[in-house]
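Heads up, the thing below is written out as structure tokens.
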Amino acid sequence: MQKGWFIDCHCHLTAEEFRQAGVQAFVSVTEQQSEFEEVIDLAERYPESVMACFGIHPIQGSADGHRSVTVQDLEPALPFFEKHKDKLVAIGEIGLDFTPWFVSTSQQREEQQKVFALQLDIAKQLDLPVNVHSRSAGRQAIAFLKEQGIQNALLHNFAGRPSVALEGVQAGFCFSFPPAVTRNDQRAKLIRQIPLENICLETDSPSLGPKKEERNEPEQIRISCQYIAAVKGLSVETVCEVTTHNALKLFPKVHQRLKQQ
């Protein structure tokens with residue numbers, strides 16, 4: 001693998017965006033079972049760069065809007081995890097989302113935790129890391145990961161308190177930040193306190209770009225790198241090198257596939 005390559009640890013891809021601007025690998029997550037076959041198809045068409053994840057997101061979209069996930073959303077997806085287990089590099093996007101206008105009852109929060117726990121069990125059975133969503137539930141997500149004995153986790157677009165993040169750091173978890181962090185300095189204190197050895201890069205394409213109204217693209221991962229470097233007072237080259245090393249350590253199957261090239 002060439003020096004200076006980026007690894008996008010959390011994105012939602014379309015084929016025409018691939019391999020631009022020095023992105024060596026895309027860890028492509030899913031939110032619903034309907035996306036599973038598509039991401040496998042992309043991974044088979046672009047085996048040198050697209051790395052597939054399966055996961056059922058804590059918030060599900062439908063024709064009626066968005067709602068909290070249920071176990072019934074996960075059940076039809078379960079056979080796919082086993083069928084494609086050798087092609088997966090992680091389980092995700094999974095986690096907790098306690099945003100009040102989506103999740104208003106304790107029963108909904110408990111159901112999310114059931115779905116999360118079931119997918120964490122799959123990750124443990126398949127010996128895969130997890131790619132975790134934790135909006136309005138950073139503390140709960142990290143505590144739950146620790147309770148479930150998870151050792152390899154990426155907290156994507158983490159927005160919790162620095163003290164909570166440091167609990168995750170102590171557990172060995174990694175944190176990734178998209179270009180949207182440049183819209184204001186709200187994450188600067190958080191990024192400053194998380195050791196670089198626990199940070200990865202992501203875009204969350206096509207969402208969470210530097211401008212809210214514009215589509216995000218994988219090439220904008222450089223913006224995340226530059227921002228983290230500025231906040232920490234480090235060179236862009238150092239942040240690129242260390243975050244790529246962190247990603248390869250967190251996602252060993254990604255490392256294996258890149259070594260085969």
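Including glycine, each Cβ sits where the backbone N, Cα and C put it.
Cβ environment of His10 (divalent metal cation 1 binding site): Val27, Val29, Gly92, Glu93, Asn131, Leu154, His156, Asn157, Ser176, Pro178, Glu202, Thr203, Asp204 lie under 8 Å away, each six or more residues apart in the same chain. If you look up TrEMBL, you'll see His10, His12, Glu93, Asp204 marked as divalent metal cation 1 binding site.
What TrEMBL records for His133, His156 is divalent metal cation 2 binding site.
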(request) Between His12 (divalent metal cation 1 binding site) and His133 (divalent metal cation 2 binding site), find the distance joining the two CA atoms and give it rounded to the nearest Å. (result) 14
(message) Let me spell it out: for each of the binding-site residues (His12, His156), count the other Cβ atoms within 10 Å of that residue's Cβ, using every protein chain shown. Which one has the most?
(response) His156
